[in-house]
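Pulled from TrEMBL, these are the features on record:
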| type | residues | note |
| --- | --- | --- |
| COMPBIAS | A:1-13 | compositional bias 'Polar residues' |
| REGION | A:1-36 | region 'Disordered' |
| TRANSMEM | A:56-84 | transmembrane segment |
| TRANSMEM | A:90-118 | transmembrane segment |
| TRANSMEM | A:139-165 | transmembrane segment |
| TRANSMEM | A:185-210 | transmembrane segment |
| TRANSMEM | A:231-251 | transmembrane segment |
| TRANSMEM | A:257-282 | transmembrane segment |
| TRANSMEM | A:316-339 | transmembrane segment |
| TRANSMEM | A:359-380 | transmembrane segment |
| TRANSMEM | A:414-438 | transmembrane segment |
| TRANSMEM | A:444-462 | transmembrane segment |
Amino acid sequence: MNHETMQPGTQSGHPGPTPDGHLGAVPDGPPSGTGRGGTAAVLRLFLGKLFSDRQVWGLPVTAFAIVGTLALLVAGGAASFWTIEGDLAGFYLILSVFALMLLVFPLVGLAGSAARLLARRRDERLSSLRLLGAGTLTVRTLAVVESVVLAAAGLLLGVVGYLVFMPLVGLIPFAGRPIGLEGMWLGTGWLFAVVGALLLMAAASSMAGLRRIEITPLGVRTRQQAATVHWVRVVLAVVGLVLAQVLLNAFGAGDMMVVLIMLLVGFGLPMLALHFIGPWLVGLVTRRTWRRAETAEKLVAARNVLESPQQAWRQIGGLAVTTYIGVVGGAGMGLANAVSAEGARPEDLVLIGDLQTGVLLTMLIAFVLTACSVGITQAAQVLDRAQMYRGLGRLGMTEPTMEAIRRRSVMGPLWIVLVFTLVAAVVTTLPVIGAAVLFSPASIALVAAALVLGVLLVRLGVTASRPTLRGVLAER
Amino acid sequence: MNRPAPLLTARGLRKSYGTTHALDGVDLTVEAGESVAIMGPSGSGKTTLMHILSGILTPDAGSVHFTGAGTGSTNGGTEVSSLNEEARAKLRRERLGFVFQDGLLLPELTAVENVALPLMLSGVPRPAAESHAAQWLAALGLEGMQTRRLGELSGGQAQRVAIARAQVADPHVVFADEPTGALDSATSASVLGALLDSTVGRGRTLVMVTHDQATADRCSRLVRVADGRIVADSAAATTGGVR
Ligand SMILES: Nc1ncnc2c1ncn2[C@@H]1O[C@H](COP(=O)(O)OP(=O)(O)OP(=O)(O)O)[C@@H](O)[C@H]1O
Ligand SMILES: [Mg+2]
């Protein structure tokens, strides 16, 4: 390519081939190796450098720290219900299982976006290694070990985060008193189980990503293939089955079995159905937005979503069910509280209050999980498309415009999901919500406030990745 | 001499990255209607020079003066390097065009949407922006490919889309950094033809970095850069001495 004629000597201090095509001094021949994999040497080389470049470890470690903290807090909170004693023990247990079921989707979504981060930058280096002829074993070991090391470092911080936030979350009252530190403490066994499960997920997703590299080193190298994630549904199903199994073992078959089947059939199936319909709905509405888009921001944001409505849904969809339950439950329990205020037993009032707290809390946790997932995914996307953003900057697109595009491509699907859910809630439970508006406006206000807070959290998730964009743009 | 003021005047440009002197005192004048090829070894400062001329980067020392109409100050033109980030972005958006080696088109947009984007960013209504963009695509031989996306275009076609995008706001100058660097020689020649026709062919100005002598030969002027300085300028022969 470089055929221009150059006066010799104008190029100084540049090692390697000189521009006129003559090579400098070249070493004789490569040192001879053993001919065997050299896995250990490669492993040492890469692991030694793993934590020297913040660009490599910063985001994945942060992501897994967040995942660890939130997963442990959710597990701790749920487990606190299992220690409640008295007549209502079984009832609280079912509530906690129900809440966990609702939170599995956003939790898996969050963990998934963290796991995808591990695959990001590494893919390129690994397929380069592949192209250089590194053995399958070397590549595979390196990928898994790197992922697990990064994830473990993050999860370790996550455990610290869990311990730090435990007292705060412990202030939330249930069954007439705050959950407390003891309630929030999972016990070492469960703690290791949760951390171990997350680590396994990191390893598994890095293996899954790896198969792609092994099949088409060139494909990944040039980012031709879209990274689709199929395993979310499988994980959902497995988690559901495991939960059922654990509960069955703990409490024996019988009533619990019936209740669980009811829960799974009554809510699990519609949830699954919703996750098939959701992407289609997001695509449908966004297509309309795209057609009517007048500004560059709206146009690009809509195109962004249409590129993969599934991905948009994966990030936001977990909010549909939790919001539905939060709105209906929040209004319903507020109403029940208002109506039965006189002449009700104090235990019943506590229970109703707990239900109200529980549904709203579950909804808010889902928003927090989604916000974190949005922040992580957005930061990763900015890094993936750094070149593009810099190019757009050179063309004269300003940073606020890029921010607006990113914000719209997250908030657009979020509004679709929320509006759809709210309409569904009002239509299906009009009497409850109508009565609540009349007799317990305070509870409606509470639900509304929780929703606003949730939306703001997701918005904050987008904003959290703004420094990443600024960093990318500052680099020329 | 009774010539109009030059379109671009750069004086004493210096730019360092740490201890690397990417530009080490560059003076350059570009007249309207010229096509300037900038050549030089890798790392000699070509990209840096172009980024400073177009207000993407600010120099450590020196100035860039731009006298395109409608650049704010009506008669005297604009001191590019003294504008703030926002104003330089506006200048690039509305008065300058860019073509990069890797076209940097948005993959989720269609060809016509990509080309219309600069106009829409400047507040042109979408229907007008898209129909104007479609005309440019047609002019560059991409009729019928308006709704294709990046993945459905060949490298040469994608680069033509990038050229259309650079032209759509009717800029005074188009800056191109190795616009055909990723293409084979036949495609490269035809894309270059499109770039020249759509700029100097219409009385506009082109400043292009290239490594390819054949490409440089088709420009009206050749500037050679080495170690952050201009070491040869074909226009210097007519005015006597390196400018
Ligand atoms: N952001 C940066 N940080 C540090 N050094 C830089 C940066 N950008 C450029 N340089 C250095 O400045 C010098 C000039 O770079 P420039 O990109 O202008 O070269 P070029 O002539 O365009 O080279 P090429 O033909 O390879 O594109 C090089 O030595 C380069 O290493
Ligand atoms: Mg360059």
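Along the chain as shown, the residues are counted starting at 1.
Each residue, glycine too, has its Cβ placed from N, Cα and C.
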| Remote residues contacting the transmembrane segment (A:444-462) - C-beta distance under 8 A, at least 6 residues beyond either end | 316, 319, 323, 326-327, 330-331, 334, 356, 360, 363-364, 366-368, 370-375, 378, 406-407, 410-411, 414, 418, 433, 436-437
| query | Looking at A:185-210, A:359-380, A:414-438, which one has the highest count of Cβ pairs under 8 angstroms to the transmembrane segment (A:316-339)? | reply | A:414-438
| said: Is it true that the transmembrane segment (A:359-380) and the transmembrane segment (A:139-165) have 3 or more CB pairs under 8 Å, sequence gap of 6 or more? | reply: no
| remark: Across A:90-118, A:139-165, A:185-210, A:414-438, the most C-beta pairs under 8 Å with the transmembrane segment (A:56-84) come from A:139-165
| field | Beyond the flanks of the transmembrane segment (A:414-438) by at least 6 residues, Cβ under 8 Å | value | 278, 281-282, 285-286, 316-317, 319-320, 323-324, 327-328, 331-332, 334-335, 444, 451, 455, 458
